[in-house]
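A.B. asks: The structure under discussion is supplied below as structure tokens; questions concerning it will follow.
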């Protein structure tokens, strides 16, 4: 290696053409990445893919956060490396067994300061390191460790974004297979719209009911849970499930429009939720810190942590399947035969804590945990090698990779499709039921109504105490405030209060 070791020559002794060349390459790569994201956003907006465009903006936010973290690490790395702690604190909670007690990371500091191109900062670092050695202290974090940590944070965020995007992409491809079911239903309803209203349906002979209770029966709670657990691995959603759940949603939320395209609505709702999955929330950074703390030699923490997303995935998938079983059980217990088609009744009480959105948070967490496992593996492989002590034994590495692939497959082809359709079985509908332009108008209208509620209450109180004329005037003002935008479908106008509460809850989320 030519020249001195460690930090090397400073910028003041570096040829200007080298500085310009390196800056040109870095700026060119950065501008190319920015242009790719820009044209991707324009493409999504031209295709009227608003939710996916918002997901792209979320990715940009993550990249900006990463840039800020990188800036902090770069600016303060010399300061951090000169922070002193008692040396005995560095002998515990190590990722690798410290078999060389005389080895000290401070040697790296000494080497880095002994090279050419000195300066004031180099002298300060050398002075502090000498002080640490004399007083029996140790550096809080070496420059090499800071560099490795810097790379790890970058790899984790990139792997999480790419992993989440691939998972959602594969899940979307699975959901697209349902489009043929929607087209078939729409075609049958156009040919004979009154056919379903005339027949008598025997509930216990219906395919939806028989498929759910063929093996376990309706009275065994334990067997229904076992059946729900197993069904997520094969045919998690079949045509009878899709048809029945679709009919239940339309009957309860969109009764005046039986030709409502449930598939398009479900796809829009799924894309809307996608932007919440690609980001790294604050509580996920806490998970990262906890996982880093637990990476102690002999604990095999990352091996045991690999089971967390798998267990959480199986729990979520079982619960979603069991919700469909509960909907079937409710109908089977109430009716022997019904006039027309079989209809289920969506309700929030089937979900944990009556919150369907909680399922999305759990999926977000398990996707991040799995991407963390993949990121930490590739980071260790590139930085330290496959046979390094921090990587661990092969017997612990292979199961981690197998579990990661299994979670990816099951989540893409079972859990996400289940989530897309089952979360529509709540008491309220998603704002994606409206088009993009109507969503904007509804959001503005709901915010205006919410802002004017105190004023309307004041006017209403004055009208009731001021006689008939005042009451009439205040009543007209209240009606004008509540008047919804004209583009609303007839069924949505009939559900004005439900629409307002749904939009307000979505905005809070």
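Using the three backbone atoms N, Cα and C, a Cβ is placed for every residue, glycine included.
Automatic, uncurated: that is what TrEMBL annotation is.
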A.B. asks: In TrEMBL, which of 238-261, 334-357, 358-381, 430-453 is tagged transmembrane segment?
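C.D. replies: So the range that TrEMBL calls transmembrane segment is 358-381.
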A.B. asks: Any chance you could find the range in 17-37, 149-170, 274-293, 358-381 with the most Cβ pairs under 8 Å to the transmembrane segment (401-422)?
C.D. replies: 358-381
A.B. asks: By Cβ distance under 8 Å, which residues at least 6 away from the ends of the transmembrane segment (17-37) in the same chain are close to it?
C.D. replies: 11, 56, 59-60
A.B. asks: Taking residues 6+ outside the transmembrane segment (299-317), which of them lie with a CB under 8 Å of any CB in it?
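C.D. replies: The answer is 229, 232, 236, 291, 359, 362-363, 365-367, 369-370, 372-373, 376, 392, 396, 399-400, 403-404, 406-407, 410-411, 414-415, 418-419.
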